[in-house]
Amino acid sequence: MTHPDEKPWILGLTGGIGSGKSAAAKCFSDLGIDTVDADHAARWVVEPGRPALEQIAAHFGKGVLQTSGELDRGALRKLIFETPEQRRWLEALLHPLINQEIVSHLAKAKSPYAILVSPLLVESGQYRMVQRLLVIDAPAHLQIERTMLRDSSSQEQVEAILKVQIQREDRLRHANDVLVNDRDHAWLSSEVERLHHFYLTLRGGQS
């Protein structure tokens, strides 16, 4: 448990779509480690009533809103995939707000170390918040198969997402640790437990 006046030791956890980063994060959580998911923070900042949602609707038009007033993520995703400039505008708006949410939640961590789970850890600059970076990696064919199964997406849709995401080599270049998730869940769980004990050792060495 961290001391009230002590900054939490943060592990960054990232990986491409279909790599299994969420499954790995769940394994860490099952071991009692507090996790903050950047995707959840990204949803919080665009909830109805939040200023960011109003700015998005003003910029892209009411077509990105559902009848309930909530963000229509599918409509927005289509717009930003088709126009890189629009994606950059959206990132410039949301990334600082998301980072504020992340910092706030990480500060509340009570476990020996905390984990920031983010698919955009490297490209958003969020890696600067962490003391160590773990990349969950997987062969491209497995990423495609898993995502098609999970999201009922076509192969073309998944490949398009992979092209937009940061290049695998760039992600790996920032990594302190790499876990190649190409086996079953039991193996993944045992590898996470091994890393967990290693991180406890590192955390114990922090002043």
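Note: Cβ is positioned from N, Cα and C throughout, glycine not excepted.
Database features, via Swiss-Prot:
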| type | residues | note |
| --- | --- | --- |
| BINDING | Gly18, Ser19, Gly20, Lys21, Ser22, Ala23 | ATP binding site |
| DOMAIN | 10-207 | domain 'DPCK' |
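Sequence features, as recorded in Swiss-Prot, placed on the structure.
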| residue | record | contacts (Cβ under 8 Å, 6+ apart) |
| --- | --- | --- |
| Gly18 | ATP binding site | Ala138, Leu142, Gln143, Ile144, Glu145, Arg146, Thr147, Arg150, Val158 |
| Ser19 | ATP binding site | Ile136, Asp137, Ala138, Gln143, Asn181 |
| Gly20 | ATP binding site | Ile136, Ala138, Arg146, Asn181, Leu188 |
| Lys21 | ATP binding site | Leu13, Thr14, Gly15, Val117, Pro119, Ile136 |
| Ser22 | ATP binding site | Val117 |
| Ala23 | ATP binding site | Asn181, His185, Leu188 |
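The ATP site is defined by Gly18, Ser19, Gly20, Lys21, Ser22, Ala23, and by the 8 Å test on Cβ atoms against their centroid, the other residues of the chain that qualify are Gly15, Ala24, Ile136, Ala138, Arg146, Asn181. Note on the domain 'DPCK' (10-207): mean pLDDT across this stretch is 92.
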